[in-house]
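Visitor: Quick paste from TrEMBL:
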- B:39-63: transmembrane segment (TRANSMEM)
- B:83-104: transmembrane segment (TRANSMEM)
- B:116-142: transmembrane segment (TRANSMEM)
- B:162-184: transmembrane segment (TRANSMEM)
- B:222-242: transmembrane segment (TRANSMEM)
- B:262-282: transmembrane segment (TRANSMEM)
- B:303-324: transmembrane segment (TRANSMEM)
- B:344-362: transmembrane segment (TRANSMEM)
- B:374-396: transmembrane segment (TRANSMEM)
- B:416-435: transmembrane segment (TRANSMEM)
Amino acid sequence: MESNKKYWKGLEEYNNTPDFVKNNKNEFAEPLPIEDVLNEAGLSTVTPRRDFLKALGFGLGAVTLAACQSTPLKKSIPYLVKPEEVTPGIPNYYTSSFNGQSILVKTREGRPIKIEPNPNAGQFNCGTDARAQASVLDLYDVSKLKAPVLKTKETTWSEIDGFVKSELAKAQASGKKIRIVASTVSSPSTNAVITGFITKYPAAKLVQYDAVSYTGIIQANQNSFGKAVLPKYNFDKADLIVSFGADFLGTWISGEEFTAQYTSNRNYKSLENKKMSRHIQFESGMSLTGTNADTRVPVKLSEQGPALIALYNAITGGALPGGTLDKNATADKVIKLVAKELLQTKGKGLVVCGSNDVSTQILVNAINAAIGSYGTTIDLDNACYLYAGNDAEFNGLVAEMSRGEVGAVLFLNSNPAYDSIDSKKFADALAKVPAKISFSDRSDETASLCDVIAINHNYLESWGDANAYEGYYSIVQPTINPVFNSRQAEESLLVWADAPVKDYYQFVRNNWETKMLPALGIKWDEVLDKGVVSVTAKPAGAYSFSLSLAAVATSIVNSSKALDKDVQLQVYENIAMRDGKNANNAFLQELPDPVSKVTWDNYVAIAPKYAEKLNIKEFDVVTVKGSNGYSIDLPVLVQPGQAQGTVSIALGYGRTKVGKAGNDVGKNAFPFASFVNGTMQYATTVTLTPTGGHYELAQTQTHHSFEGRNVIREATFKEYLKNPAAGTGKSEEGHKNYDLWDQYEKPGNNWVMAIDLNACTGCGSCVVACNVENNIPVVGRDEVRRRREMHWIRIDRYYSYETKDGDVTREKEIAKLEDLDHVSVVHQPMLCQHCDHAPCETVCPVLATVHSSDGLNHMAYNRCVGTRYCANNCPYKVRRFNWFNYWNDSRFDNYLNNEFTQLVLNPDVTTRSRGVMEKCSMCIQRIQAGKLKAKIEKRPLKDGDIKMACQEACSANAIVFGDSNDPNSEVSKALRSERIYYVLEEINVKPGIGYMTKIRNTDTTVQA
Amino acid sequence: MSGHNESILREPLITGDNITYAKITDDILGPVENKPNKAWWIGFTFASLGALLWVVAVSYTFWNGIGAWGLNKTVGWAWDITGFVWWVGIGHAGTLISAVLLLFRQNWRNSINRSAEAMTIFAVICAATYVVSHMGRPWLAYWVLPLPNQFGSLWVNFNSPLVWDMFAISTYFSVSLLFWYTGLLPDIATIRDRAVGTRRKIYSIFSFGWSGSVKTWQRFEAVSLILAGISTPLVLSVHTIVSMDFATSVIPGWHTTIFPPYFVAGAIFSGFAMVLTLLLVARKVLGLENYITMFHIESMNKIIILTGSIVGVAYLTEFFIAWYSGSEYEQYAFINRSTGPYWWAYWMMMTCNVISPQLLWFKKIRLSIRATWILSIVVNVGMWFERFVIIVTSLHRDYIPSSWAMFYPTWVDVSVFVGSIGLFFTLFLLFLRVLPSIAIAEVKLLLKSASEQAKMKQIKEGHENKEYVAEYIESLEKFDSVKQEDYAKI
C-alpha cells in the first residue's frame, strides 16, 4: 500500500518559505561556524581541564609505549685531537710485506682491516694467497700474550733485558754456544741485526730452520751448478710443464706467484691468441696443482724416483739403472710420450719436483739442463730467497743441545717443539740449555718450554723489509701502534747486543739509506710509498749439467726401494694450514681444502679402490703407525686420484698451544717426516689399522660429481681451436624465450662479472678475502657439518672421469667404474649471480631483497624477517642464513665474538643479526666508495676503479668485474668471449655472471 | 520440513527408537553439563603435556634462533613448512563439510559439521603457529601484513606467494571462525537456557541474546547460507595458494602446475581422515552412536577413496610430466624422490596415501570402525610424508650438485611438531567440554524426516513399496547402533 502522507519537519517546510527553499539546497541548513573556530579568538580559547587531562594521558601513554623499544646504546669516542691523515670513514693504505710478498694494508681509523696486493710490485704483483688475506685476523688474536714473560710470569722489558743479557754473557763466558733458530730470514735488516748480535756474542750462530724445507733443491743446485739457492722459476715461459709432486700452484715455494705465471698462459687472453700451455702432473696425493693439470698421472711415492730416471733416460737416451715402472703401465707410457714432447718444446719446457731429496733434485736439474730450461724457464741468477733452511744444521743443533754444548738458544718465528720430527727428543735436548728465549707472540709449544717469551710484534705492528728475490726488496711498515706490551724481536736483539742504534725503525732506515738507496737514487719516503724496490734483473744464464749421475741414481733407487712397501704415506702442506704457524686463524681453519672441501681437520686421504681393498670406509677412524713408531688416529677421507697404495696426511694440524681456535684441531703429522741423506723427507711407510671409530669430517661439499649437468661446460684445446664456442652449447639451436617480467632499466652502470674457469685454480684465497671484506662469520666445525658455513663465495669442485665411452660425470655411473685414479677436476667459483630475473626477489614477502638500477640484487638485512624462501628458491644455493647470532652469542663460540677480535671488522659492512639472510653483495661498499671517489674527483667512473675483494685477491685473474654498459670495459670484452656461458641460463633467471668454459689441453699425444 | 516423508530408500541419519528433541539435547549436552569422565582426563593430560612440549620447543627456538632446527644452507624449510601445510590441509574437511555440503543439501553433514569446523579452527591455529615460528625474526612477523608504516611507507611484496598465503590463511581463519560461531549461537542459547548461576551468565553473553524467535531463525538460516557461499571458494583457494608457495618457485619438484588441484584433493583427503580419527573416538566415549552413525562413517570413507585416488593420479601424473618435460632437473628430482636417500619417505607416502585407502573399496573394511580408524591415521601419516617429500626431497638436491645436502631433524624439530599435535588435542578436548560437539539444532531438524524412528513409522503405516522397505532394512544391517531384532519381525 502506498502512502501519500507527507511529513514535514518544521513550519518552514510546511510554509515553504523562500529562506527554507534557499537553505535546503545546502548540506547544512545553517552555515558552519568554521571561521569562528579558526580565528584568533577560537584558537586562543582556554583548554578545559578535561581536555587537558585527556591530552596529557594520551601523550604519556603514547610516549611510554614508544619508549618500550629500547635502542641499544653504542659508545663511541670521537677524536679529541684528530690524528693527521686519519679521517673517520676514509681508509688509509700502507705498503708492507707478508712473507716476502709486497702488500697494501687497508686501515680504518687506525685499525688494519684488510690486505691487498701491492699494485706497485710489478711482476710480483700477483694477488695474495689465503694466508695473507687471513693474516689480518692474527693481529687481533686474543690468544696472544699481553706482556713479556719471564719464567712463566708476566714481567717488564727491563727485567727481561737484565735476565737475558746476563744469561747471554754467561753463555758467552762459559764457552758454550748461542744459537738463534729462525725460519728463513729473508730480511736484509734482520740479517744485519743478527750479524751485529753475532759480533757482540761471537758464540752465536743463526740456524735457519724451515718446518717444511727446500734444502734438497738448494743443495742440489750447489752440487750441480755451485749455487746454493732456490732458483726463480718462470712458469709463464713454459709451454710444457711437467711436475713430479710439486704443488707449485699451491704450497710449493711461492704458489700465488706461480699461479699468476701459470695462468697467464692459460687464461682467456692467452686462449684468444690460440695459446695454451700444457701441464702434466705425476703425484701421489691429489694436490691443488694436480687438479689443474691437463693430464694427471697418479704414481706411488716409490715410483716417483724411477719415473724421473725413466724420463731422464728417455730424454737423453741415457741408460741410468732403476728407471723401470713395470707396475704402473700408464705412468710408463706417459713418461715416454712426455719425453718426446719435452724434446720438441726445447727451451720452453719445465720439469719441477716436490721432493726434498738432494739426489732426486740433482736428477731434475740434469733433466732441465737437457731440455734447455736454464736461462728460460729456470733462472738461477735471480735467485729466490724465500727459503734457505738447512735441515742438517738444525739436526746438528739438536745434537749439540743434547750434548749440553749450547748455553743459550733463541727462537725467532720457529716452533720446533711442534714441527720438528721428534718433538720429545727436541724438548729433552732443549731442557739441557740453560737459557731459552722465544720471540713468539704466544706461549706456544716451544715458547712454553722457554725461560723468556720476549713477545714479538705482529708484522702489522712491525718495521722491517724483505728480499724475496735477488734484486727485489719490499718494505714492512707498521700500520697500528703495538696493541700489547710487545717489542719487535729485532729490537730485542739490538738491545741485548747493546747496539748503538736500538730503535729498529731507525736501524731499518739507516740500513736502507746506507746500503741500498744511494745506488738506486731513491728516497726513503718513496720506498715507504711504493713499498717495493727492484733493481734490474740480471740476465738469466744457461747452465749445463755435466756431472755423473751414477751415484745419484743409486741413491734414488735405494730410497725408492725403502719406500716400496704398503702403505706409503706422504705428509704435505695444505693450502689453508701450511706448516701450522697460523693454526689459530679461524678464517683459515674454516677455509675448505681446495680439493677435499674439508674444514677444521686433517685426515688420511686414500684412493676409493684402495680403501675398498683395505675394507675401510669414509670417515672410519684408523690408527696410522709410522715406521718410526709414531702413531695417530685420524678419520679417512676417500680421495679420487690418490695413488693406489698411498695415503696422504696434511701437516700443520694438531697444535696444542696455539690458542682457542687451533688447539687440538686434527693431529700432528710432522713426526712422520724423517731425516734421510741429510735432508727432511716427507714420505714414509705406515700401517693402517681401523679403530672401529667413526668421525664425520666437516665438508662444505659432499656431492662430488656434476651429474652431467651443463653447469660445468668444458672443451679440449683442440676443439677450442676449431670452434672457440666449443662446449658452450651455443651452436645448438636455441629456444625462443618468453618473459613474464619486464626488463629492468639500467641507465647508469650494470655491474656484472666474468669468471674464467680455465684460470681459476680453486685455491680459495677469494673465499678468505671475501670473509675479511664482508665480515662473514666463522661458524665452527659442528656448524659446517650441519652444512651451515656462511661463505658468500665458494669454489665448487667436481670430479669426472674420462673413459673410452666419453666423460662419466654421474655419481651412479662413477660407482660402476673400475679405474677411479684418472680423475678430471674442475673448480667453479660460485657466488650470487645477481640475476636480472632473480627468483629470490619475487618470493620475498617483505621486499627485503630487491633489484637495483645498476644490475645488482640487493639484500636489505633490516627488512628481512627470515622466512628463508629466497634461499630455497635460489637455484645456485648461494644465500646464507644467520642461524644464530654469530657475532654475539656466548653459547656459540666462533672464535670471533670478543671485543678485541671484532676490531678486525670492516666498518663499511654491517654485521648481520640472527634470523637474517645474507649473500654476496658484489662488495656494494666498494662500488659506493668508487663512485664517491670519482664524484669527489669530478670525473666519470673508469673501468678498474672498483674491484671486488675476491677479484683483487685472485692470483689467476680469474674474476673480472665491471660495468657492462661500458662496451670497452674489460668485463664487457671478457663477456664477448665465445667461451662465455651462463650457469642455468635455461631457466631464464638471467644471471649476471658469465663463466668461460674450462679448456683442457689433453688432445695431444699424451693421455692418461 | 517434516511435513512430508523422506524416501524410505534413504538411510537414516539418526538411529534409535525413542529419540525426542529433549533426548537429543540431553545426549549432546551430556559432556558439557556433566563432570568429565576418566577417559577425558587421560586424554587431556597427554594432550596438555604435548602442548607444554610445544611451548618449550618453540620458546627454545625463539631464544636460540632457527639454528636449533636441523635446517641448512640447502634445505631452508623442512619440518616447519611440512607441519604448516599438513595442518592447513587437515583444516579443509571442516570447511568442505560446513559449506560445500550445506550448499549441496547433504543433510548428513549436520551431525559432523560442528566438530569438523572446530577441528578446522584448531588446525589453522596450529598451522599459524608455524607461520610465525619458522621465521628468523618472529618478532617482526607483522611485517608481512600490508600495514601503514614509517619505513617510507614500505609495502609488502604482492608478488610473493607468502603474502598471498598470509591473506589466504587469515581470511580462512576468520571466515571459518565466523561460520562456526554463527552455527553455535542457537546451541549456546540452549546451554544457557539449561544452565544456572555463573555458567548461565557466561553462556548468556556468548549466545548474543539469541531469542529463538522465527525472525532470529530466519536470519540465522540466511547468514548460514551466505557464509557457506563465502566459504566455498575458500575450500579451493586456501590450499591452492598454499600450493603456490611451491608451484611458483623455480625448484624442480616444486615448479609444477598440477599442484593446486592436487593439494586441494590432498587437503580434503587428510581433513576427512582427521575428522574420522576424532569422531570415531568421540562417538564412543561420548555415547553419540545414534547421531554419528555408520552411514556417516561410510560416507566419509567414500570421500577418502575418491580424494585418495585423485592424489594417487596426481603422483603418477607428476612422474609422467617429469619424463615428458625432457627437463633433466625435473627428471632427476623425481627419480631422486623415489630412489634417492629419502626413498623411504617417498614409499611411505605412496603406501599410506595411494595403496592403503584403496582398501576402503571393500565394504567390510569400510564398515569396520577399527579398520577405518587405523586407516584414518595411516592417511594422515601419509599426508605428512607427502609434504615432507615435496619440500625436503626437492630442496635437498636441486640444480647445483655441489650444494646437495641431507636434512636431519633435531629434537626441537620433532618437539615442535609433536607439541603442535598436543596443542591441537588440548584445544579439541576443551572444546568438547564447553561446547556441544554436534550441532543440536541442525540434528533436531532431521529427527522428523531422516531418523530411524521416523522411517519405522513410515514402514508401519504400510504405504511404502515392499521392495524398497526390504532394501532399506537390508541397508540397516551395517549400523552398529540399530537394534536389528526390531526389523526381524517385519
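Keep in mind that glycine also has a Cβ here, set from the backbone N, Cα and C atoms.
TrEMBL does not curate its annotations; it predicts them automatically.
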Visitor: Taking the transmembrane segment (B:83-104) as reference, which of B:39-63, B:116-142, B:222-242, B:303-324, B:416-435 has the most Cβ pairs under 8 angstroms?
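Guide: Against the transmembrane segment (B:83-104), the leading stretch is B:116-142.
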Visitor: Within the same chain, where does the transmembrane segment (B:374-396) have neighbours whose Cβ lies under 8 angstroms from its own Cβ atoms, ignoring anything closer than 6 residues to its ends? I mean 6 or more beyond.
Guide: 74-79, 81-83, 85-86, 89-90, 246, 251-254, 266, 269-270, 272-274, 276-277, 280, 304, 308, 311, 333, 336-337, 340-342, 345-346, 348-349, 351-353, 356-357, 359-360, 365, 404-407
Visitor: Counting only pairs 6 or more apart in sequence, are there at least 3 Cβ pairs under 8 Å between the transmembrane segment (B:222-242) and the transmembrane segment (B:303-324)?
Guide: no
Visitor: Would you kindly check B:39-63, B:116-142, B:162-184, B:303-324, B:344-362 and say which stretch has the most C-beta pairs under 8 angstroms to the transmembrane segment (B:416-435)?
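Guide: Most Cβ pairs under 8 Å with the transmembrane segment (B:416-435) come from B:39-63.
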Visitor: Within the same chain, where does the transmembrane segment (B:116-142) have neighbours whose Cβ lies under 8 angstroms from its own Cβ atoms, ignoring anything closer than 6 residues to its ends? I mean 6 or more beyond.
Guide: 54, 58, 61-62, 65-66, 77, 80-81, 83-85, 87-88, 90-95, 97-98, 165-166, 169, 172-173, 176-177, 179-180, 183, 271, 274-275, 278, 416, 420-421, 423-424, 427-428, 431, 435, 437
Visitor: Against which stretches of its own chain does the transmembrane segment (B:162-184) lie, if we need a Cβ under 8 Å and a gap of at least six residues from its ends?
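Guide: Sequence-distant neighbours of the transmembrane segment (B:162-184): 88, 91, 94-95, 98-99, 113-114, 117-118, 120-121, 124-125, 127-128, 131, 144-146, 156, 220, 223-224, 227-228, 230-231, 234, 237-238, 241-242, 244-245, 435-436, 439, 442.
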Visitor: The transmembrane segment (B:344-362): which same-chain residues, six or more beyond its ends, come within Cβ distance under 8 Å?
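Guide: Result: 266, 269, 301-302, 304-305, 308-309, 311-312, 315, 337-338, 371-372, 375, 378-379, 381-383, 385-386, 388-389, 392-393.
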